[in-house]
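Participant: My questions will all concern the structure given below.
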Amino acid sequence: MSERRPLVAGNWKMHGTRAEAAALVDGIVRGLRPNAAAEVLVCPPFVLIPLVAEKLGGTKVGWGGQNLDPHASGAYTGEVSGPMLRDLGCTYVIVGHSERRAYYGESDEIVADKFGAAQAAGLTPILCVGETLEERESNRTETVVARQLDAVMGKHGVDGLARAVIAYEPVWAIGTGRTATPDQAQEVHAFIRGRIRSRNAGIGGKIRILYGGSVKGGNAAELFRQPDIDGGLIGGASLKADEFLAICHAA
Ligand code: PEP
């Protein structure tokens with residue numbers, strides 16, 4: 001049995017009114033088994049964080065951001081910084097989600113800067129890596145994932161991963177209903193862990209690597225049973241309390 005405590009993190013993306021967010025977190029808190037093994041986290045849109053923080057304070061469910069600016073403060077209109085998230089009680093922040101990389105032009109370098117900004121603010125970054133369908137079909141999965149990982153290790157050293165979580169999210173599996181098979185996911189997770197382990201065995205052994213991409217109540221247990229999968233980053237299924245709880249309880 002691994003000493004790594006599983007983490008199940010919900011990425012709400014750009015969804016939810018205040019009323020919907022309140023009902024969702026109430027449902028999660030009500031339904032989460034007291035003996036659940038997994039650490040549970042929700043990442044709402046920025047504007048819903050104060051409400052969620054108020055509801056989740058004192059419960060076992062944590063909250064985090066979906067993104068942050070690389071700067072701590074300044075003239076960056078429309079942006080939100082790590083210290084602001086920390087001030088709202090966030091403990092984690094997602095960096096390098098494939099939607100940020102694809103739609104907002106976030107390069108490996110920007111992602112590495114955001115990773116450092118998160119840690120400087122006292123937040124644990126959840127670093128997303130993953131290949132597109134075209135990259136997988138041309139056998140470039142490992143090359144792409146290694147490049148994304150090395151950009152962060154190049155800037156922050158392998159020690160930078162001592163206080164971080166990685167999420168392997170094949171782009172072709174995100175929001176598509178197409179999940180990587182447990183074997184496909186395990187193969188890449190083992191590759192990621194091996195790459196970190198080759199630089200620092202302790203950090204490689206301890207770091208949690210989540211799988212993300214169309215995880216549901218029905219497929220979570222089989223994915224989470226893989227030796228190098230330490231929980232999940234959940235998009236669509238994190239918006240329904242029952243479905244999200246089923247995933248949390250599968251971990
Ligand atoms: C995600 O966006 O991180 C994700 C995994 O989405 P989904 O679960 O909807 O595929």
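The backbone N, Cα and C atoms fix where each Cβ goes, glycine too.
Bear in mind that the values here come from a model prediction, so they are computed numbers and not experimental data.
The active site, electrophile annotation in TrEMBL covers HIS97. Taken from TrEMBL, the feature active site, proton acceptor covers GLU169. The substrate binding site annotation in TrEMBL covers ASN11, TRP12, LYS13, GLY175, SER214, GLY235, GLY236.
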Participant: Give me the Cα-Cα distance between LYS13 (substrate binding site) and the residue listed as 'active site, electrophile', rounded to a whole Å.
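Facilitator: Given the Cα positions, LYS13 (substrate binding site) is 10 Å from the residue listed as 'active site, electrophile'.
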Participant: For the residue listed as 'active site, proton acceptor', find which of the recorded positions HIS97, GLY235, GLY236 come within 10 Å, Cα to Cα.
Facilitator: HIS97
Participant: Specify the count of other C-beta atoms within 10 Å of the C-beta of GLY235 (substrate binding site).
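Facilitator: By my count, 21.
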Participant: Given the binding-site residues GLY175, GLY236, and counting only Cβ atoms in the protein chains shown, which has the most within 10 Å of its Cβ?
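Facilitator: In terms of Cβ crowding, the pick is GLY236.
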Participant: Among the recorded positions listed here (TRP12, LYS13, HIS97, GLU169, SER214), identify the one with the smallest other-Cβ count within 10 Å.
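Facilitator: Checked TRP12, LYS13, HIS97, GLU169, SER214; of these recorded positions, fewest Cβ neighbours within 10 Å: LYS13.
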Participant: Excluding ASN11, TRP12, LYS13, GLY175, SER214, GLY235, GLY236, please set out which residues of the same chain place their CB within 8 Å of the center of the CB atoms of the substrate site, keeping sequence order.
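Facilitator: Near the substrate site, the remaining chain residues are ILE174, ILE234, ALA237, SER238, LEU239.
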Participant: Counting every protein chain present, what is the number of Cβ atoms, excluding its own, within 10 Å of the Cβ of ASN11 (substrate binding site)?
Facilitator: 26
Participant: Work through the binding-site residues one by one (ASN11, GLY175, SER214) and name whichever has its CA nearest to the CA of HIS97 (active site, electrophile).
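Facilitator: Comparing Cα positions, the candidate nearest HIS97 (active site, electrophile) turns out to be ASN11.
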Participant: For ASN11 (substrate binding site), what is the secondary structure by DSSP, using just helix, strand and coil?
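Facilitator: DSSP call for ASN11 (substrate binding site): strand.
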Participant: Mind computing the max CA-CA distance among ASN11, TRP12, LYS13, GLY175, SER214, GLY235, GLY236, which the record assigns to substrate binding, rounded to whole Å?
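Facilitator: Among the residues the record ties to substrate, max Cα distance equals 14 Å.
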